[in-house]
Amino acid sequence: MGWEKGLAPREKLVRLGAESLTDVELLAIFLRTGLPGVHVMQLAEDLLVQFGSLYQLMTADQSAFRTAKGVGISKYTQIKAIAELSRRLFFSRLAKEDAMLNPQATGQYLQLLLSRREREVFLVLFLDNQHHVIRHQEMFVGTINSVEVHPREIVREALKANAAALILAHNHPSGKAEPSQADRAITEQIVKACLLMEIRVLDHLVIGHGEYVSFAERGWI
């Protein structure tokens, strides 16, 4: 990855804006200090190498931090607080905007919710007639490689929420987001069940590690 000694990330942020910073520089500002004999920039780089990316660092669970040198419980709680702030920021945006007009924000929000789960979780976003998100609900939790989904229960919750449309999502704990034939089959069943109640299924996102696949983008819905 590499970093140039002598750079001052805080000064760079003030002069050029936060968007000018690299992931290493952003993380270094957050960490504030390094370790004895280890510059904070080097520590930030080492952490990003260990976790793979800034996103994976932010969404890692507590057990992953036990082996991370330089990140104690205090830093862990700060990182999780930032992740939760990000999730709430995305939700507030989706509650005010048409979710289908900003699929990237929807995908990022669902990644924050599902990407690092160790079991398959099937989640539904309930939307009003303007495609603003009313709420989300984890409908079903399965094993590491499957989850049993009941379309009628999804329809029932949609009616309770007075939802006009839905966005479906589930994760693949393996990290690979490519949908299976079973994923496509259950999506078709849910679409048909919802149409009987004049509820539209707008998309189904399969969430991996740092990636997702949209059924709508592939023309499957």
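Note that Cβ sites are derived from N, Cα and C of the backbone, with glycine treated the same way.
Feature annotations, reproduced from Swiss-Prot:
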BINDING   His170, His172, Asp183  Zn(2+) binding site
DOMAIN    99-221  domain 'MPN'
MOTIF     170-183  motif 'JAMM motif'
- Query: Setting His170, His172, Asp183 aside, what same-chain residues sit with their Cβ within 8 Å of the center of the Cβ atoms that define the Zn(2+) site, listed in sequence order?
  - Reply: Glu120, Phe122, Val147, Asn171, Ala177, Pro179, Ser180, Val206, Ile207
- Note on the structure: Under 8 Å Cβ-Cβ from the motif 'JAMM motif' (170-183), and at least six residues away from its ends along the same chain, one finds 114-115, 117-123, 144-147, 204, 206-209, 211-213, 215
- Message: Give the mean pLDDT for the domain 'MPN' (99-221) on the 0 to 100 scale.
- Response: 94
- Would you identify the secondary structure of Asp183 (Zn(2+) binding site) according to DSSP, in three states? helix
- Where does His172 (Zn(2+) binding site) sit in DSSP terms: helix, strand, or coil? coil
- Under 8 Å by Cβ from His170 (Zn(2+) binding site), counting only residues of that chain that are 6 or more apart: Leu114, Glu120, Val121, Phe122, Leu123, Val147, Asp183, His204, Val206, Ile207
- Query: Looking at Cβ-Cβ distances, which residues of the chain lie under 8 angstroms from His172 (Zn(2+) binding site) while being 6 or more apart from it?
  - Reply: Glu120, Glu178, Val206, Ile207, Gly208
